[in-house]
4 protein chains.
Amino acid sequence: MRILFLGDVVGRPGRQAVTEELPRLRARWKLDCVVINAENAAGGFGITEAICDELLGAGADALTLGNHSFDQREALVFIERQDRLVRPANYPAGTPGRGATLVETAQGARVLVVSVMGRLFMDAMDDPFGAVERALSDCPLGAAADAIVVDMHAEATSEKQAMGVFCDGRASLVVGTHTHVPTGDHRIMPGGTAYMSDAGMCGDYDSVLGMAKDEPLRRFLQKTPGARLEVASGPGALSGIAVETDPRTGLATKVAPVRIGPHLDETKPVFWD
Amino acid sequence: MRILFLGDVVGRPGRQAVTEELPRLRARWKLDCVVINAENAAGGFGITEAICDELLGAGADALTLGNHSFDQREALVFIERQDRLVRPANYPAGTPGRGATLVETAQGARVLVVSVMGRLFMDAMDDPFGAVERALSDCPLGAAADAIVVDMHAEATSEKQAMGVFCDGRASLVVGTHTHVPTGDHRIMPGGTAYMSDAGMCGDYDSVLGMAKDEPLRRFLQKTPGARLEVASGPGALSGIAVETDPRTGLATKVAPVRIGPHLDETKPVFWD
Amino acid sequence: MRILFLGDVVGRPGRQAVTEELPRLRARWKLDCVVINAENAAGGFGITEAICDELLGAGADALTLGNHSFDQREALVFIERQDRLVRPANYPAGTPGRGATLVETAQGARVLVVSVMGRLFMDAMDDPFGAVERALSDCPLGAAADAIVVDMHAEATSEKQAMGVFCDGRASLVVGTHTHVPTGDHRIMPGGTAYMSDAGMCGDYDSVLGMAKDEPLRRFLQKTPGARLEVASGPGALSGIAVETDPRTGLATKVAPVRIGPHLDETKPVFWD
Amino acid sequence: MRILFLGDVVGRPGRQAVTEELPRLRARWKLDCVVINAENAAGGFGITEAICDELLGAGADALTLGNHSFDQREALVFIERQDRLVRPANYPAGTPGRGATLVETAQGARVLVVSVMGRLFMDAMDDPFGAVERALSDCPLGAAADAIVVDMHAEATSEKQAMGVFCDGRASLVVGTHTHVPTGDHRIMPGGTAYMSDAGMCGDYDSVLGMAKDEPLRRFLQKTPGARLEVASGPGALSGIAVETDPRTGLATKVAPVRIGPHLDETKPVFWD
Ligand SMILES: [Fe+2]
Ligand SMILES: [Fe+2]
Ligand SMILES: [Fe+2]
Ligand SMILES: [Fe+2]
Ligand SMILES: [Fe+2]
Ligand SMILES: [Fe+2]
Ligand SMILES: [Fe+2]
Ligand SMILES: [Fe+2]
């Protein structure tokens, strides 16, 4: 099975990169499943229903979120009826939405998409490892799921790598998000799970995390209130990871980074292109 | 000028990768200057004088440090007489050692090597931007220095990118360290400074941050005391960044990631190889 | 019912203050129940079985812990057989020991003692509010318990006050520990639960948190490795809170701080003395 | 000399407690100097010029600030012309305002008021110890200043106590603010400097940090966006510390907490009352 995961979509440049490129990539690479982290899709903060529909319409099978899940409050409502939108599984009980969803591909394969948030240097959430354990137990790879994608939305590389080790052999892919910087450590771990510490962002890389550079820099230099953070306005790039899985086991057989667009060294999966 | 920067050397696997590969790379790529972050070279924690000599002997022109600078206390002493060893410039006044050093290459070029530490999610240091400002003012690019390498040892990608923006046009290279994961965002910024959020580590990537996997994972699952952290014992890989500068301006003309060894997708600077 | 709670016992000065004063206070004030936080009783770090026995022998009915619970590893073992020793209830499942214990007083009253740890500025534990909710539901005040003492071991006053509000009307006392500084905000909340943000420490107050002053100060001034932290060697003071409850409801009717010994303004419950 | 320091004034209840009580206390206790932390005076967030004038008019000689200094942006402007308003001295160079001010009392005594912010669990400021060192060197006690008040606005008791130790013998008073909870550890340190870890707040104590209880509690239970934080609307209490100094040395001879109003056990300096 061919899976593409794209990292945090940041504002209009990120959305445009997705809507312009994804339909073509989906066809050219014969993708079975596309998952996109969309926590910054609406002006850098959260997601609206219109944007959710736009990204699903462009070819995503499921969208994941993170610490910005509910920055747009309408997400608290429409997430209940949108079962392709997944917020971190380790939000407190009672939080609207779901932490995992089982997507059926056009070929009839079942892909479990799990979202979870780290805790190191981040807000106090429930235990991410326990939350993932439950998701994997409820819908095991090779049994109830033909592939499993875990989006580990976290700051610290230690916690992300630990989640990779924790899931190795039990998921198709563990991929980090949140830092908005793609990492070059894509690999297949000993147990057969593909791993990359961060998928990077879909957005304008001539920026600080996708936002126009001046105000973030100013905040490091001065400690006085300044302007709002605005999405950088240059053209966006796509960033993520491509994984091919063995349909019998759901484990990864090939993995490659995907980086297409301005400011990034272009890289594509040679095994598909 | 041809500059190679290698990220955090972790324990024996990291040192072996350096000592085995660097002499060959130095010759093959006709390197003018090699800088290595060595904060984890001694069993994962700090640096000894013997290890310092070993890494310099293998072909490094200067070594940088980070939050683990003085984990081996002898570094508090020998750093005073070893002017090729640089600890973050924003340690409090009175800290042994120096925050920047001017290295002369075999061809007679002068390379300023600056080490600095971020503060977001890290210990309370002096202002890193002010420290870098002073280093760059004291020894400006194109005047007192023919090239300038800034090692921004930090956790948060926002702070690293802000440092990149801050130095753009005034340094040859701003490269992050500390996360032990190489990033795929190497690029030349609009002002001509090469940038990469993290150089990655030199060490065993079948690990958590270069340490054997079990104990770091256990620490996320349990909150009780356990075993010591031990360096992972598998073979190490090299990870870093290659930069070619314009000798007249000191700004970057070419940039490429360097990743050689187990568990990493090999990548080398095609413009040198 | 008459309840005395004493804050973090720090090393020998703290233990001596307890063993010398508590027997007398217990008799003089006709105490029904004494609870002591003992997370720093062993040289400032954790608790041994001998020290546990010493404090129980001096007149404590139960001991609570905190982030230093298991600094002495033997506590991982003997806590299983010592049902008067309580570690925070929101440690991960599988952690040795218990998060609450039901103590029977000499008069036959049942006192539920709950330990829980905050998460703001502290390690990533499970949700403290959920953990306390379960403890209170399992053993409700006025039904299964005649009195309930909740030790909220936390850094941030916001989280401690929120726990007070959360428990108001459902516990006899919510008292904070961990900062080693007694607070002057003891009161009975609208629902009838006594509250104090921090009980303070039992130890030498001519110190930094009970430790000899030089090294903690040095660590704020320099960022290099120094000496070990040593318990301050001066005489210790007792610090805590006295609560009288209505035996029919278990709610608080009177509350007063207790501070006896060097460096503190002495204060005792006038309603008992 | 007779000095009164009052902790963080929170919104209208805090301001009313000050304006109603302070004129009377100033006369009754024959106060020479009154310093108030006003970082939360404007609806819980920052200070306006009108409120600044109101508090000075009620009898304050100087006002200190903290992490909320500039929440009301007008403070960036009027602080330049209001030399009785002091923001933390360890803001970056170039920040509007001043970190210390020398106030002349009605009797002609000179009181140096210093504001500084801690860094542990707080924003990355410049070194607070260095900032205080400079303030004390520029205007030494017993020479250029007849009394010195240092407001250490910080979260961690360790950092506050270390600042106390650091200033002992060189200031009349080191008092903490920021936690909004008064501490019971007021004392005169061995060198003659009065110390209290936190002055507490002036505001409604039936609250979480002076804010209406529901929303702060909800934020610990849920991680979804909710309502704004609103100042609690009940009557406010005063909280702070009273210090008497030896006019020849400027060191403290007497110290007592001041707590007047609802929800607090009333306490006043018996040596003045
Ligand atoms: Fe994001
Ligand atoms: Fe995020
Ligand atoms: Fe490192
Ligand atoms: Fe580091
Ligand atoms: Fe403690
Ligand atoms: Fe503690
Ligand atoms: Fe405040
Ligand atoms: Fe504050």
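Numbering starts at 1 and runs along the chain as displayed.
The backbone N, Cα and C atoms fix where each Cβ goes, and this holds for glycine too.
Record features (TrEMBL):
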- B:H68: active site, proton donor (ACT_SITE)
- B:D8, B:E39, B:N40, B:H180: Fe cation 1 binding site (BINDING)
- B:E39, B:N67, B:H153, B:H178: Fe cation 2 binding site (BINDING)
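Overlay of TrEMBL feature records on the structure.
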residue: B:D8; record: Fe cation 1 binding site; Cβ contacts under 8 Å, 6 or more apart: B:G14, B:N37, B:A38, B:E39, B:N40, B:G66, B:T177, B:H178, B:H180, B:A199, B:G200, B:M201, B:C202, B:G203, B:G210
residue: B:N67; record: Fe cation 2 binding site; Cβ contacts under 8 Å, 6 or more apart: B:E39, B:M117, B:M122, B:D123, B:H153, B:H178
residue: B:H68; record: active site, proton donor; Cβ contacts under 8 Å, 6 or more apart: B:E39, B:N40, B:F45, B:G46
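Among the recorded positions B:N40, B:N67, B:H68, B:H178, none has a Cβ under 8 Å from a Cβ of chain A.
Other residues of the chain with a Cβ within 8 Å of the Cβ centroid of B:D8, B:E39, B:N40, B:H180, the Fe cation 1 site, are B:G7, B:V9, B:V10, B:G14, B:N37, B:A38, B:A41, B:G44, B:G66, B:H68, B:T177, B:H178, B:M201, B:G203, B:L209, B:G210. The DSSP secondary structure for B:H153 (Fe cation 2 binding site) is strand. Same-chain residues that are not part of B:E39, B:N67, B:H153, B:H178 yet have a Cβ within 8 Å of the Cβ center of the Fe cation 2 site turn out to be B:D8, B:N37, B:L65, B:G66, B:H68, B:S69, B:P88, B:M117, B:A154, B:T177. Within the set of binding-site residues B:N40, B:N67, B:H153, B:H178, B:N40, B:H178 have a CB atom less than 6 Å from some atom of ligand 3. Reduced to three states, the DSSP call for B:N40 (Fe cation 1 binding site) is coil.
With a cut-off of 6 Å between Cβ and the nearest atom of ligand 4, the binding-site residues B:N40, B:H178, B:H180 reduce to B:H178. Checking the recorded positions B:D8, B:E39, B:N40, B:H68, B:H178, B:H180 against ligand 6, not one has its Cβ under 6 Å from it.
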